[in-house]
Amino acid sequence: MPVRRRLARVPLLLGTLALAGFGYVVFSWLHDRQLVTGDPWVLALLVPLIGLTASAEVHRLIGHGPRDQRAGLRLTVGIAYLAAFCWTAGWSFLLPATALIVAVVHIKRSGSRWWRAAAIITSILTVAGQVGVGLGWLASVVAPVNGHVGAVWLLVLAWLAIANMGRAVAEQERSEDALARTEARLRALMDSSDDVLTVSDRAGRLTYVSPAVERTMGHPGDELLGSALLDMVDTEHREKVAARIAEVVAAGPGTRASADVLVVHATQERRWYEWNLHNLLDDPLVEGLVVDQRDITDRLLQSEALAHAAAHDVLTGLPNRGELMRNLEICLPQVGPGAGIALLFVDLDKFKEINDTLGHAAGDELLVVVARRLRSSLRPHDLLARLGGDEFCVILTEIRDQGEVQGVVERLEVAVCQPVALGAGMAAVGASIGVALAVDEVRDPSALFSEADAAMYEVKRARKAARPGTAPRLVGPGDVLPQQRVAPVPRAAGPRRRDLRSS
């Protein structure tokens, strides 16, 4: 045995000897007055032994391990020592009261399920003591009959007290088990969740970070403790996020809010997170601002992709009719003197013949090429949309005069009429372009659209009337293409810049 352990036991031994000496003096005094019947030295030695058997170290020694191991033996030894003391002192009738102390300590240590065992052992030893007194084997400081009556009453009271203690400890155990299960469930949920949960104090310092932070963001959780919550945010967004947090804190306890935050991962990757904030700074169990952080980057990308798909043509990637009308509704209220808008309706001539002759794949290829040429012929802030089939539409802004619109139309004509080399052969189409203007007053979008559509059909009819025998065809190198015609363009004036390129 190490020297230190031996020296540590010296005070315990000295204390035991001092207690035994003091006990001898007390029991001698009681013996002289016939309040105890046993030998004072025996009683004086039993007192420290009882104290030792009640200690946690002796309990571990008896059970060879944890407190729930050999609990029955520990309980029996403890009550048996008390019984020996009571029988020796002539206090057999007091055994239920003294055993109650051991039972309470043992039930708290080993669990509520031992309360019945404690009551039964106490009853057996109490009955044994009273039988011994009745047979004259054990001495008693009171008359046997009085001792029997007192023992019965004390035993009943001991049973009630032990049972109540057992129920109280059982209720406590159920509460602890429920709490442990809840904590285990929450821990399992947090371990399996990709959401990052943080708690920060009033100074904005992190006091708790869930394990998911290392799995999703790459930050070791223990390294983040004590750092600022805003350190997780991209520097350009920190001011706005700090203002949002300040609003939640100023709103008072229990306030909830959310915000989309650009978070920086350990790899310096930046991803969008939805922060759900809950002000629990005044909650004594939390004392912090709780933030549930959920990665929404993929969801935002999907949402943007869906929004783009809903507003754009699949084949050409141009804005569709709905997006065109939405932009038209935005632009038209701004029309006024010096700020005109032109709507161009473009229809490809004889596209159907090419589609039927070379196939739909060739027709789609032709549409993609035409869309690209139209886009390159426009100004950066103009909007080109595909309405469907072989129909396109253009919104021109910043219209200053008729010549400007006419110049754009001529560029579109030239772009469309150039031969196209397709996989199935060379092909060319013409274009009928109708123009509608909004110059000095706000126009209804649908009315302006209908006007441009009607102007396009007027161009078609005029061309057919002028050249009744002409039919667009497949072409080869050196073929001469027909001149295209457009509707007359009114005059518009006044600069106003607005970029309408599709989102």
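Cβ coordinates come from backbone N, Cα and C, glycine included.
For the ranges 42-59, 330-347, the feature annotated in TrEMBL as transmembrane segment maps to 42-59.
Matching 117-139, 232-254 against TrEMBL, the residues noted as transmembrane segment span 117-139. Predicted-model confidence for the domain 'PAS' (182-252) is 90, expressed as mean pLDDT. For the transmembrane segment (117-139), the residues of the chain that approach it from at least six positions outside its boundaries are 37-38, 72, 75-76, 79-80, 83, 86-87, 90, 92-93, 95-96, 99-100, 102-103, 106-107, 147-148, 151, 154-155, 158-159, 162-163, judged by C-beta separation under 8 angstroms. Per DSSP, the domain 'PAS' (182-252) is made up of 41 helix, 12 strand, 18 coil.
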